[in-house]
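I have placed the structure first, in the form of structure tokens, so that the comments after it can refer back to it.
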Amino acid sequence: MISKIFISHSHLFSPLSISPVPKSSQFFTTSLFPTNLTTKLTVTPRPKKPQFPFHRKCFTVTPMASMQPAQTDKFDPDPTLTNEDLKPTTSDQRTFSGWEMASLWIGLVVGVPTYYLAGSLVDLGMAWWQGIATVVAANIILLVPLVLTGHAGTRYGIPFPVLARSSFGIRGAHIPTLLRAIVGCGWYGIETWIGGEAIFLLLPKFIKLSSLAQSITWLGTSPLEFGCFILFWLAQLAIIWKGMDGIRELEKYSAPILIVLTSCLLSWAYVKAGGFGHILTLSSRSSSSEFWALFFPSLTANISFWATVALNIPDFTRYAKSQTDQIMGQAGLPIFMGAFTFVGLAVTSSTKVIFGKVISSPIQLLGEIGGFTTMILAILGISLATITTNIAANVVAPANALVNLNPKLFTFRKGALLTALLGIAFQPWRLLKSSERFVYTWLVGYSALLGPIGGIILADYYLIRSMNLSMKNLYSLNPFGEYYYNGGYNVTAMVALVAGILPVFPGFLQKVGILHSISDSFVVIYNNAWFFSFFSAGILYWILASLKGKKGGKSLPMDPLLPTSS
């Protein structure tokens with residue numbers, strides 16, 4: 001690149017150009033320039049042009065080795081900021097159609113946690129239709145940040161950790177990505193525990209009645225159940241080892257299978273219970289005021305359910321063929337969640353008629369159905385549903401976060417393996433002990449971490465930058481780069497993040513039993529943790545960034561690496 005120096009009142013100067021000459025020519029060297037550079041000062045007159053007031057002429061200087069490296073059209077990322085998993089996707093990698101994006105969501109939705117969440121709402125006092133309405137409303141709300149955040153992935157082909165660099169800074173991006181990774185590791189453990197329970201059902205009865213099935217206090221579960229958990233944990237590694245291509249194929253072909261198996265389960269419940277009339281008898285056990293007190297934290301919990309994926313959705317939409325494909329593929333989320341929630345509630349309520357007791361866990365239900373062939377098919381269905389949800393929702397984000405932390409040390413595979421190991425450390429069997437602990441401690445609690453991150457990223461991308469990102473600067477450690485900020489950290493984003501989290505913290509401490517009493521205002525904030533943290537952090541970031549004079553909407557030059565997708 002040639003640097004240009006413009007000089008006002010140029011009639012005082014003659015245009016100059018410095019150009020290289022053969023070694024045989026006269027040359028000069030100084031201590032300021034490398035001795036291996038040879039140059040000659042050549043005065044080249046230019047044709048005279050009409051002179052206007054303050055007309056500017058220029059002379060060009062070829063940069064010397066000691067000067068700042070010149071910008072070129074070639075994309076040359078810093079090796080400490082990229083590897084094959086972090087580079088923008090090419091046009092050849094854009095293979096996700098609208099159906100494949102929808103298949104991804106079907107694979108995510110159809111699983112035990114979704115089934116369990118629906119039953120938990122009824123267990124906590126809601127009527128069946130109130131539970132479905134709460135789930136659908138939450139996912140309609142969540143669809144907005146999903147599509148908005150997914151836009152950046154499709155437009156620029158970048159994963160979530162790279163997108164976070166624009167708002168949090170080149171190094172500051174580690175904070176939101178690692179927070180997302182921690183939640184993903186917890187979910188990975190929960191899903192793997194559910195898969196282990198499915199394996200436990202296949203064991204002979206005499207083994208399940210042995211001493212190995214007795215719970216150990218310090219472990220919190222039995223050695224036999226823990227062994228099944230580890231076995232399912234190992235089974236998932238084979239798919240993880242294939243990377244994103246293996247995940248895409250798994251989701252694509254699993255979706256129709258899961259739809260068929262879900263339909264079979266619903267048909268079985270309908271026939272055995274003599275219809276679904278009994279579901280209409282499940283009325284709310286709460287008064288009007290009690291319902292609204294239950295509704296808002298439940299709405300927050302349901303938003304938190306997929307708030308994890310709403311953050312790192314660029315990890316998937318970067319493979320979409322177009323914006324239309326990513327939007328249409330995600331638009332089915334409220335429908336899928338509503339439909340599967342109905343299945344969970346309908347089948348759960350049917351168990352009262354069929355077995356004389358309510359069985360809210362699908363794993364326990366499979367143990368009651370009986371029949372070896374039926375059980376095998378059901379267990380395979382549960383395992384497939386668990387794996388498709390677990391790998392896509394809870395492996396990709398933590399793995400990419402670790403790759404972003406140290407691209408030289410971590411690959412996607414190594415990051416995924418560490419994610420799986422941390423999933424064990426979360427002891428998921430303790431998180432699933434009760435509906436209240438699962439919904440109001442786990443789901444609502446981590447929404448206070450993810451909400452502000454989403455608010456800051458969207459405020460930066462849309463309100464500050466008007467969707468214009470510099471691809472070169474996203475992969476550069478140049479101190480003068482667009483996203484280097486202060487030592488690689490955007491202090492404005494850090495302040496907004498902390499401001500979004502802190503007001504929710506007292507409510508969380510009360511839920512886990514550390515604080516016994518807090519003011520009503522903190523209770524309200526905690527019950528609406530995602531909403532409060534998302535909007536408060538996003539608005540604060542927008543105000544602070546605007547006051548610093550960040551110019552949004554500036555049209556950046558087209559990057560050579562910018563994908564052709566709209």
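We number each residue from 1, going along the chain as drawn.
Yeah, the Cβs are placed from backbone N, Cα and C, and that goes for glycine too.
Heads up, TrEMBL stuff is auto-annotated, nobody curated it.
TrEMBL lists 80-91 with the feature compositional bias 'Polar residues'. Sequence-distant contacts of the compositional bias 'Polar residues' (80-91) (same chain, at least 6 residues past either end, Cβ-Cβ under 8 Å): 156-159, 161-162, 170, 318-319, 399-400, 403-404, 407-408, 411-412, 471, 475-477, 561-565.
Positions annotated as region 'Disordered' by TrEMBL: 69-91.
The transmembrane segment feature in TrEMBL is assigned to 102-122 (among others). Only residues 6 or more beyond the boundaries of the transmembrane segment (102-122), in the same chain, are considered here, and those with a CB under 8 A from a CB of the stretch are 96, 128, 130-132, 134-135, 190-191, 194, 250-252, 254-255, 258-259, 262, 282, 298, 301-302, 305-306, 309, 316, 328-330, 332-333, 336-337, 340-345, 347-349, 360-363, 382, 385-386, 388-389, 392-393, 435, 438-439.
Among the features that TrEMBL reports, transmembrane segment is placed at 128-148 (among others).
Here TrEMBL flags 178-203 (among others) as transmembrane segment.
Here TrEMBL flags 223-241 (among others) as transmembrane segment. Panel annotation: around the transmembrane segment (223-241), residues 192-193, 195-200, 203, 207-208, 210, 212-213, 216, 247, 250, 383, 386-387, 390-391, 395, 413, 416-417, 420, 423-424, 429 of the same chain, lying at least six beyond its termini, place a Cβ under 8 Å from a Cβ of the stretch.
Positions annotated as transmembrane segment by TrEMBL: 253-271 (among others).
The transmembrane segment annotation in TrEMBL covers 291-313 (among others). Cβ atoms under 8 Å from those of the transmembrane segment (291-313) belong to residues 108, 113-114, 117, 121, 124-126, 130, 134-135, 137-139, 141-142, 145-146, 149-150, 153, 159-160, 176, 180, 183-184, 187, 284, 330, 333, 393-394, 396-397, 400, 439-440, 443-444, 446-447, 450-451, 453-454, 457, 526-531 of the same chain, restricted to positions at least 6 beyond its ends.
With a threshold of 8 Å between CB atoms, the same-chain residues lying at least 6 positions outside the transmembrane segment (333-355) that come near it are 105-106, 109-110, 114-119, 122, 128, 131-132, 135-136, 139-140, 142-143, 146, 262, 265-266, 269-270, 272-274, 276, 278-279, 282, 306, 362, 365, 368. Annotation comment: TrEMBL describes 333-355 (among others) as transmembrane segment.
Same-chain residues lying 6 or more positions outside the transmembrane segment (375-403) and placing a CB less than 8 Å from one of its CB atoms are 83, 85-86, 104, 107-113, 159-161, 174, 177-178, 180-182, 184-185, 187-188, 191-192, 194-195, 198-199, 201-202, 232, 235-236, 239-240, 244, 247, 250-251, 254, 257-258, 261, 265, 308-309, 311-312, 315-316, 362-363, 366-367, 369, 410-416, 418-420, 422-423. According to TrEMBL, the feature transmembrane segment maps to 375-403 (among others).
Residues of the same chain lying 6 or more positions beyond the ends of the transmembrane segment (415-432) and with a Cβ under 8 Å from any Cβ of it are 181-182, 184-186, 188-190, 192-193, 220-221, 225, 229-230, 233, 236-237, 240-241, 394-395, 398-403, 438, 441-442. For 415-432 (among others), the entry in TrEMBL reads transmembrane segment.
Here the transmembrane segment (438-463) has Cβ contacts under 8 Å with residues 116-117, 120-121, 124, 145, 148-149, 152, 163-164, 166-168, 176, 179-180, 182-183, 186, 297-298, 300-305, 307-308, 310-311, 431-432, 469, 493, 496-497, 499-501, 504-505, 508, 511-512, 526-527, 529-539, 541-542, 545, 552 of the same chain, all six or more residues outside its ends. Under the heading transmembrane segment, TrEMBL lists 438-463 (among others).
Sequence annotations record features per position, and here TrEMBL assigns transmembrane segment to 483-505 (among others). Counting same-chain residues at least six beyond the ends of the transmembrane segment (483-505), those with a Cβ under 8 angstroms from any Cβ of the stretch are 165-172, 175-176, 448-449, 451-453, 455-456, 460, 470, 473-474, 476-477, 522, 525-526, 529, 532-534, 536-538, 540-541, 544-545, 548.
Same-chain neighbours of the transmembrane segment (525-544): 145, 167, 293, 296-297, 300, 303-304, 307, 444-445, 447-448, 450-456, 458-460, 463-464, 492-493, 495-497, 499-501, 503-504, 506-508, 510-511, counting only residues six or more beyond its ends whose CB sits under 8 Å from a CB of the stretch. Per TrEMBL, the feature transmembrane segment maps to 525-544 (among others).
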The compositional bias 'Polar residues' (80-91): DSSP-derived helix, strand, coil residue counts:
1 helix, 0 strand, 11 coil
